[in-house]
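> According to Swiss-Prot, the protein has these features:
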{"type": "CARBOHYD", "residues": "ASN41", "note": "N-linked glycosylation site"}
{"type": "CARBOHYD", "residues": "ASN72", "note": "N-linked glycosylation site"}
{"type": "CARBOHYD", "residues": "ASN79", "note": "N-linked glycosylation site"}
{"type": "CARBOHYD", "residues": "ASN108", "note": "N-linked glycosylation site"}
{"type": "CARBOHYD", "residues": "ASN144", "note": "N-linked glycosylation site"}
{"type": "CARBOHYD", "residues": "ASN219", "note": "N-linked glycosylation site"}
{"type": "CARBOHYD", "residues": "ASN244", "note": "N-linked glycosylation site"}
{"type": "CARBOHYD", "residues": "ASN254", "note": "N-linked glycosylation site"}
{"type": "SIGNAL", "residues": "1-20", "note": "signal peptide"}
{"type": "TRANSMEM", "residues": "282-302", "note": "transmembrane segment"}
Amino acid sequence: MCTNVVRVFVILYLLAECGCIKYDVDDNVHICTHTVMSHINYTSWYYNDKVIALATEDKTSGYISSFIKRVNISLTCLNISSLRYEDSGTYKGVSHLKDGVIVTTTMNISVKANIIDLTGRVRYLTRNYCEVKIRCEITSFALNGSTPPHMILGTVDKWKYLPFPTDDYRYVGELKRYISGNPYPTESLALEISSTFNRFTIVKNLNDDEFSCYLFSQNYSFHKTLNVRNICESEWEALNNNDNASSVPASHNNLTNDLSSMTSQLQNDDNDYSTPMNVDNLIMIVVITMLSIILVIIVVIAAIAIYKRSKYSRHTDN
């Protein structure tokens, strides 16, 4: 428990290092001084400590090319419309007052953009277990005078932290590892972590399934989240569908065989029975049978009578 608390504080501390105001792409921002305009002699405006314009009572000059169409600068304000990701950085206005006093206004701006690619790929899958490799990669990043980036990937209980000094690390895709000694192309930086899930484990804390990737520096802060268990659930469902699909033909054949067997049995049963007789034939048979029985009875009675008569005649003669 103590370890988890420490990790949370570390993450929050690192994320707090940005110290900037966050905007979305296409937002508008206004950076203004609270000094009365009539008291200002001129104002110099800076972006990451580079002069971008000089504003006087009569005119403003020295726009940098990328700001010409999107920036309105005066003695007291710098207004930027339709923010871009590359506009992130430190803005400063230095106003020189007519009485010789210098007033400085500073603002750190972070423009959120989709420069992080967070993906999960299944490496091993069974009906009960699923292993996923989670990868967080910087797809595009311009320092723009900021400090080198730092990256955190994982959950509260399982995470990796990696700083990227500009002269120490470079990720080489062909080698699938980081090498040192050369400046890195920031767009190739990545962190990877693996995690295993049990299909039948009861999820008590949904945060255990949520993997987050943080990228931050002095003027930048980016964050993406991925539910990795959902990836495994999709794969398990696909596996079940494949199993069901493969069992359908066998079941269909069995059903067909059963129906054929039943049909054949019925046909055989029909063959075992003779064709039904009509009523007239049946009556004729009954009459003949009865007459035959009567005839047999008459013959028997006659035979008995003849036998008795012949026996009586012999007795009389004697």
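Glycine residues also receive a Cβ, built from the backbone N, Cα and C atoms like all the rest.
Since this is a predicted model, take the numbers as computed values, not measurements.
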> What count of other C-beta atoms do you get within 10 angstroms of the C-beta of ASN41 (N-linked glycosylation site), across all chains shown?
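Its Cβ shell of radius 10 Å holds 13 other Cβ atoms.
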> Taking Cα atoms as reference points, rank the glycosylation sites ASN41, ASN79, ASN108, ASN244 by distance from ASN72 (N-linked glycosylation site) and give the first.
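That would be ASN79, the closest of ASN41, ASN79, ASN108, ASN244 to ASN72 (N-linked glycosylation site).
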> Ranked by the number of other Cβ atoms within 10 Å of their own Cβ, which of the glycosylation sites ASN72, ASN79, ASN108, ASN244 ranks first?
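Result of the Cβ crowding comparison: ASN108.
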> Taking only the glycosylation sites ASN41, ASN108, ASN244, which one has a CA atom nearest to the CA atom of ASN79 (N-linked glycosylation site)?
ASN108
> Specify the secondary structure state of ASN72 (N-linked glycosylation site) as given by DSSP, simplified to three classes.
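In the DSSP reduction, ASN72 (N-linked glycosylation site) maps to strand.
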> Looking only at C-alpha atoms, tell me how far ASN244 (N-linked glycosylation site) is from ASN108 (N-linked glycosylation site), rounded to the nearest Å.
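The Cα atom of ASN244 (N-linked glycosylation site) is 57 Å away from the Cα atom of ASN108 (N-linked glycosylation site).
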